[in-house]
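As structure tokens, the structure follows; a few thoughts come after it.
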Amino acid sequence: MAVSYDFRPISVCRARESNNVVVKKRSKRSLIGLSQNEMAEALKAIGVPEQQTRMRVRQLWHWLYVRGVSNFDEILNISKPIREMLKNHFSIARPEIVGEQISKDGTRKWLLRFPAREDGRPVEIETVYIPEEGRGTLCLSSQVGCTLTCSFCYTGTQVLVRNLTAEEILAQLLVARDCLGDFPNRTTPDGAIVPVEGRKITNIVMMGMGEPLYNFEVVKKALLIASDGDGLSLSKRRITLSTSGVVPEIVRAGEEIGVMLAVSLHAVHDTLRDMLVPINKKYPLALLIDACRNYPGLSNAKRITFEYVMLKGINDSLDDAKRLIQLLKGIPAKINLIPFNPWPGSNYQCSDWEQIERFADVVNQAGYASPIRIPRGRDILAACGQLKSASERLRKSGRLQIEYAVGNK
């Protein structure tokens, strides 16, 4: 079906009401990101009668995730006394939108600021919306910074500050839907390049800042809420979780989350992958590929996407293409070829386009889909591998604690 687009002049997204913007330090618990059972317990704890909690949870779930409210006064079918009780104890506010950049190709990048937690400081992350023919994809971050230091990735130069919470992951989706007019009875802003009909956000990918599987429980919780049929209702087939290769959590992700899997591969032998993706030293290719072969539900209808950044003179030879085919033999897969997106201080060059096409032809002739990802948002540093915020670094001991917890399960 043909999709038309809106090319009206650009205007920056603003928070709808100033009292919906998060302050520097939050004093109230947010209802965003709680499971339905957790929400029921939270309501009981503030005095909502137990016999009412299931009904109240259903009401709140609908208003938060279907209607997209960010102010308790907008909830029309809950009495004023209970709304006041909710306001006194909880928050459903959005994070602060520090900035919005809009690429010439329609890609949008938001810089979001979340309030301080415990003794920390407010942190900032980036979220990207990519409009395409017939769909809109939102790229979500799972951590502030990253611990993996992949040599071709800008995020890897920002050492990990902390994990995001389920609330903060879902808030990225809610803010984007606010800004795009993707909730009922909302208006799409001037300048938004989006499909005129249907949802503005049809797909989400966990491919922003951070390694999702180093924040497993939180990412799991957020994605299960995002895919809940009574709320945001995104199909699990339209949710993709990308990992650089945290092997112990790959099969578990398939069993407990059940979304589509993408693997940041980028090399066909350990020597090179150790340099490009240092987690390979801990989980080498043999272990990674074995985990992929055992991903639950793997089939031609549920293929794994292998991401392969094209680096000139590094990993782009036709011999590399042939070795890639052998490496993935027998795995239902799609291979996304990603032209390298430069960033300040990067030491790599993108492969020549003709070489990328030759590489793609070799892979395609072996029976694998090998689309070349068209760079989107390069001019605003919103393309793959270009995300970074200026938040404070986590102490080394904190980073090691996160890695140790995963590696010793």
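Just so it is clear, glycine is given a Cβ too, placed from its N, Cα and C backbone atoms.
Noted in Swiss-Prot for the protein shown:
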type	residues	note
ACT_SITE	Glu126	active site, proton acceptor
ACT_SITE	Cys384	active site, S-methylcysteine intermediate
BINDING	Cys146, Cys150, Cys153	[4Fe-4S] cluster binding site
BINDING	Gly210, Glu211, Ser242, Ser264, Leu265, His266, Asn341	S-adenosyl-L-methionine binding site
DISULFID	Cys139-Cys384	disulfide bond
DOMAIN	132-373	domain 'Radical SAM core'
All-chain count of other Cβ atoms within 10 Å of Cys146 ([4Fe-4S] cluster binding site): 27
Surrounding CB atoms that lie within 10 Å of the CB of Ser264 (S-adenosyl-L-methionine binding site), all protein chains: 27
Proximal residue to Cys146 ([4Fe-4S] cluster binding site) among recorded positions Cys139, Glu211, Ser264, His266, Asn341 (C-alpha distance): Glu211
Pairwise Cα distance for Ser242 (S-adenosyl-L-methionine binding site)/Cys150 ([4Fe-4S] cluster binding site) [Å, integer]: 14
When distances run from the Cα of the residue listed as 'active site, proton acceptor' to each of the binding-site residues Cys150, Gly210, Glu211, His266, the nearest one: Gly210
Sparsest Cβ surroundings (other CB atoms within 10 Å) among the recorded positions Cys139, Cys150, Cys153, Leu265: Cys150
Lowest local Cβ density among Glu126, Glu211, which the record lists as recorded positions, within 10 Å: Glu126
Whole-number Å value for how far Asn341 (S-adenosyl-L-methionine binding site) lies from Cys153 ([4Fe-4S] cluster binding site) (Cα to Cα): 9
Among Gly210, Glu211, Ser242, Ser264, Leu265, His266, Asn341, the record's S-adenosyl-L-methionine binders - longest CA distance, Å: 19
Cys139 (disulfide bond) - helix vs strand vs coil (DSSP): strand
Distance from Cys139 (disulfide bond) back to Asn341 (S-adenosyl-L-methionine binding site), taken between C-alpha atoms, in Å: 16
Cβ neighbour count (within 10 Å, all chains shown) around His266 (S-adenosyl-L-methionine binding site): 25
